[in-house]
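Asks: Annotations per Swiss-Prot:
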type	residues	note
TOPO_DOM	1-11	topological domain 'Virion surface'
TOPO_DOM	33-46	topological domain 'Intravirion'
TOPO_DOM	92-98	topological domain 'Intravirion'
TOPO_DOM	122-133	topological domain 'Virion surface'
TOPO_DOM	155-158	topological domain 'Intravirion'
TOPO_DOM	180-217	topological domain 'Virion surface'
TOPO_DOM	262-267	topological domain 'Virion surface'
TOPO_DOM	289-298	topological domain 'Intravirion'
TOPO_DOM	320-335	topological domain 'Virion surface'
TRANSMEM	12-32	transmembrane segment
TRANSMEM	47-67	transmembrane segment
TRANSMEM	71-91	transmembrane segment
TRANSMEM	99-121	transmembrane segment
TRANSMEM	134-154	transmembrane segment
TRANSMEM	159-179	transmembrane segment
TRANSMEM	218-238	transmembrane segment
TRANSMEM	241-261	transmembrane segment
TRANSMEM	268-288	transmembrane segment
TRANSMEM	299-319	transmembrane segment
TRANSMEM	336-356	transmembrane segment
Amino acid sequence: MFSCKQHLSLGACVFCLGLLASTPFIWCFVFANLLSLEIFSPWQTHVYRLGFPTACLMAVLWTLVPAKHAVRAVTPAIMLNIASALIFFSLRVYSTSTWVSAPCLFLANLPLLCLWPRLAIEIVYICPAIHQRFFELGLLLACTIFALSVVSRALEVSAVFMSPFFIFLALGSGSLAGARRNQIYTSGLERRRSIFCARGDHSVASLKETLHKCPWDLMAISALTVLVVCVMIVLHVHAEVFFGLSRYLPLFLCGAMASGGLYLGHSSIIACVMATLCTLTSVVVYFLHETLGPLGKTVLFISIFVYYFSGVAALSSAMRYKLKKFVNGPLVHLRVVYMCCFVFTFCEYLLVTFIKS
């Protein structure tokens, strides 16, 4: 049994790791909203808006790096992250021309920020389920803070409102070591120690083994994703559902996908129910979008994604359970949900940019 102090300590650490895991998405969100104006800076706008799918893809690529090399990158990464954020802060305050320097700064810092989701998720999803909810709460809170800053135009008024970004980096990077030292995490890691494996200290699931254990879960996630992408295309062309949402939807997609959703009961039943709700809601929006008005149409359109996230969360939770004996089970989860993030954010970019409703 573990003490209450150990649980509280780990809960605080994983909450801070949730703040840390949000930083690549917040970085993209801030640049896409503050510095992208299609009339005055067309190519910069495309760079910033493509940052969302790029961040998802880079987070997946970081999972291919061996754990010992990823851990060694922590100190240089945090130093360069903070330095880049300080330079951006200075440019916002003192410079009037950032049309070249800002995109270079954005592209230089983004790959290093994408290291944090990998390191955070690798720790969090080895811990008990209650601590995973703390992580998801931290990620959701961080995304919400910056979304509200943009809605209230606080970031446009003063660069001081970038300060939470520095706090997230400092708290999160400092919590990595604390979470690894916690006895609850180390006991979870010990349960994944290999006994008969010749390579490595812990059991690692290969691609073949993952496909063997979770074929139907992966197929169901793929089918749900294709369904919602088709819904996005049809509703964008017919009902103009992205009008007024293009500034906030990418952050919502990344944050909600990484956070999961509400999942209770059997995963296959939940997935079927959520797919049915997605289909019925999209039919309502398609035929009644003029009657619903802008607000009703937007609420129903967002609810389609909430249903989708809940279905994927149930399926990914089932995958993590099937891979619970493997130390890289959390990384398999990251690859699946962040590839879904990539598909949605890239699809949203193509629809809003090139296919006019």
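First residue shown is number 1, and so on along the chain.
A Cβ is built for glycine as well, from the same backbone N, Cα and C atoms used for every other residue.
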Asks: Would you confirm whether the transmembrane segment (99-121) and the transmembrane segment (12-32) meet the contact rule of 3 or more C-beta pairs below 8 angstroms, pairs 6 or more apart in sequence?
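Replies: Between the transmembrane segment (99-121) and the transmembrane segment (12-32), contact is present.
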Asks: Reported in the order helix, strand, coil, what are the DSSP residue counts of the topological domain 'Virion surface' (320-335)?
Replies: 10 helix, 0 strand, 6 coil
Asks: Could you check whether the transmembrane segment (159-179) and the transmembrane segment (299-319) come into contact, where contact means at least 3 Cβ pairs under 8 Å with the two residues of each pair 6 or more apart in sequence?
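Replies: No, the transmembrane segment (159-179) does not contact the transmembrane segment (299-319).
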Asks: I need to check the long-range neighbours of the topological domain 'Virion surface' (180-217): which residues 6 or more away from its ends have a CB within less than 8 Å of a CB in the stretch?
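Replies: Tertiary neighbours of the topological domain 'Virion surface' (180-217) are 2, 6-7, 9-10, 13, 123, 126-128, 131, 267-268, 315-316, 318-319, 322-329, 332.
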Asks: So if I exclude everything within five residues of the ends of the transmembrane segment (47-67), which remaining residues of that chain have a CB under 8 angstroms from its CBs? That is, six or more out.
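Replies: Residues 24-25, 27-28, 31-32, 35-36, 103, 106-107, 110-111, 113-115, 117-118, 122, 250-251, 253-254, 331, 334-335, 338-339, 341-342, 345-346, 349, 353 contact the transmembrane segment (47-67) from elsewhere in the chain.
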Asks: Which listed stretch (12-32, 71-91, 218-238, 299-319) has the most C-beta pairs under 8 A with the transmembrane segment (268-288)?
Replies: 299-319
Asks: Find the member of 12-32, 299-319, 336-356 that has more C-beta pairs under 8 Å to the transmembrane segment (218-238) than any other listed stretch.
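Replies: By Cβ pairs under 8 Å, 336-356 leads among 12-32, 299-319, 336-356.
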